[in-house]
């Protein structure tokens, strides 16, 4: 691994700019934050405020609507929420003193007097000048000073340090807050790369963001030097700078993993920018970012731009280990300081106190309780006043109330107070306008709430006459260009500076709103959280309507990362001196809950690496089968494929494996330290050590007396141990035939008992299946015969060796299914008792197998990953997690309290009773001997020695418990991704897409490897079906829509509206495909693969109608779908149709039909213009 310096801009460092800790150590961020108490202005009273208050609902009502969850899908391939940059707010708030000086303490922007267009042209001229210098004098002309000279302002230190690292040839990881200027680093790298005549790829997670970067880079570098590649756009793809989505780059890298081959799209590429690299934590798309880092040729420099995260050092360490020399640059300082506010019905106050470390006293729950108590005090009857007066010495003033809570408010009263403090939207907007805190992005977590909010406040006039005229003109131009994209219901609010922005709007309309907002012509945008996704739309204020949101039928709380992501929209660099984030009182959360989340801090990046059909096929496929041979072996075209071992090495390079390997190293180091400590402590309590201490502390006479008693006590304890062992063996001998005899007939319930790793007694009821010998030929028996850890030793019964009829014994293993849906493998040692009752071993239905056989077969299907729970000389106790199929059986195992003692069938022999009686007598003898010792002269000093020894024993127990937990953790760690990879490989093998042994790829596999989608194998199966050839283009579009409609919904509040029904041909085709889908699902379930196979005809009629030529107005007339949802479905369908002509081994007739359908459908207002 490359251990490289970590560059961290902090105030605590003794060196001004550099730290050099290990990459594995967490960085200590000490940002600068100057807390400024906001001046509270008296807003101008609005004449219509009382009317608005009567019309406007509380904000909490906007997100409490039933069945109104937000669909967070912006593009067909980019349909997950974006994880934007967020800053370490909690650290900033706690650090209210501005320690730094010089350049670090402020950001200086010297804005020239030219217009924005003139400045961009001037920068473009400077870029061309640098290119000319390099052509004339060589690449030595490129240095940090030349690069930063193209800018009209002084750049920040973290930007300089990152650019210098890039110029040294390192890959760079940059972690910094939102709007801090990370894009400038990528831009400088692009200038350097272009000047050398080489190429740079810039990747983003969203097509909308790619389009935005495309426009920005063309303004700086010129149209000829910048290209665009997304799922449905290819503009100037051979340009020196190419903007693309991450999936496009990943697909390029599949062609030649680890090589910058001239035969791939990476020819002449020197650098790749991974923007928004914190998407690596995205549960559905994070794998793509990891794949790019893993597959990228090592000679290509990576520039990874990330939001503020908790573990940037781990990210940089991982990239350094698998890709090469990597440097980390971090900054936690926001260029525009952020102040947190809290909105209630009657006020808008700073959320925090003046020190920035606690909630503002006037917002605390105690303050609200005090206010309510004062009101109750004034209103109560005279008797209550007298009681209060007597307790307080006759003084009933408010000052005395401050110091007492004799009658605290109940929970219901507190909730009532909270509800009374919930502001209406107009209340908060009125305060924002009065305090000059606009423009604002107002986050509401469902689209219906956003639209309703616009209507509730559309009587506010936030624009002056000049601004209103500009909006009218812009709206007029937009209507001429895109008449169908105008949102008529939003026009009134728009002319007053108010708009909504969410996934239910058309992309063209959203772009129009974004443009107006950037121009300052929209003052408030009510938006869902998708707007926090990296689009260049900063505001002065971000309002967050709630700390929780609906997900299905339940409410879920926002995480700190989500909060910071939205808060990061506040504060416009070069425009605002500070930004504001306003949190709002709701019926569910108050200021104190808000503070907890603000101080929670950001969470670390977590690997979401999972295998897919496309990954397996592209990594493993070798020679391929074709219909027409071209000279070699008939029907085959030879091509090198990777072995499973080679593929495994690639998969095991994931970020998750890197982090877990660090955990493994740290755990093994800690285990070694624990073993060393236990060894030292053991020596301190050995007989020799205690004897040595006794000689030192006791007199000769006392030492002799104590020693004699100790020897007697030791001998009696030895006898007690013998009796205990005799009891165990007698119990062992009683259990063995009992368990053996219960392997036929009904399945009895038993109780297993053991101590867990913390030393706590655990009892588990279970249903008994039988002795391990009854599992003849099973996977379990084979595993146990090969694994030495399951070996059992013969137990020599020395006490009974001379007695006739007392043979030597050996423990046996048995199997049971616990009530906790876990399999247990155990010996007689762990059985507490056996019960008469159990499962009747009778078939549940005619022809079914018996329950015992069913459960044995279920166990045989398991992965055999057993965990050891406890061990002894009489054998160990093992546990294996059950499956969904065993869960229903485990539900029938009763709890122990429902089983009576009378139901027990374990009865002990006379020999056991005799041994138990002798054991009891021996314990009494030991007790008497201890009392005798306690009365001896030297016992007081000796007791101190024993107490210290006992403390040491307890410490050793804790260390051993920690050791067991670490060992269990290490046993659970396995390479992430590989198990899924092999499961998917098995599905591919059985479906005849790829022979996993010979790496021979079949036509089905070729198609699946080339296609883009959630389940590539399923899409390939459908598109290769000959039945599709006879479909007309609109019908084919309808069938394709059924494959990509996941997540699209009708809106439940549109009861009287409708959607177009699909034609009978489309319905019949979808029904025909259902059998094929069911077969694939069964195959996936067999191999535990859980990748959805979408097939839903519900919206096919809408797509078929659009492909048949219906106008947008006809489509949307009384439509039960939001226009944004319909547009997204149509674009997904177009994307799939556009792939078909490029896929291998697809019928040419189908390819022509797909191309025709895509061409017909790609028309306004859903067509997307890139430039």
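Here the Cβ of each residue, glycine as well, is placed from N, Cα and C on the backbone.
Of all Cβ atoms in the shown protein chains, 18 besides its own fall within 10 Å of the Cβ of residue 183 (ATP binding site). Annotation comment: Swiss-Prot describes 176, 177, 178, 179, 180, 181, 182, 183 as ATP binding site.
The average pLDDT computed for the domain 'Helicase ATP-binding' (163-327) is 87. Feature annotation from Swiss-Prot assigns domain 'Helicase ATP-binding' to 163-327.
According to Swiss-Prot, the domain 'Helicase C-terminal' annotation covers 424-620, on the basis of sequence analysis.
Annotation comment: Swiss-Prot describes 275-278 as motif 'DEVH box'.
If you look up Swiss-Prot, you'll see 1-58 marked as transit peptide.
DSSP labels the residues of the motif 'DEVH box' (275-278) in these numbers: 2 helix, 0 strand, 2 coil. Of the listed binding-site residues, namely 178, 179, 180, the sparsest CB environment within 10 A is found at 179.
Of the listed binding-site residues 177, 181, the Cβ environment within 10 Å is emptiest of other Cβ atoms at 181. According to DSSP, residue 179 (ATP binding site) is assigned to coil rather than to any helix or strand.
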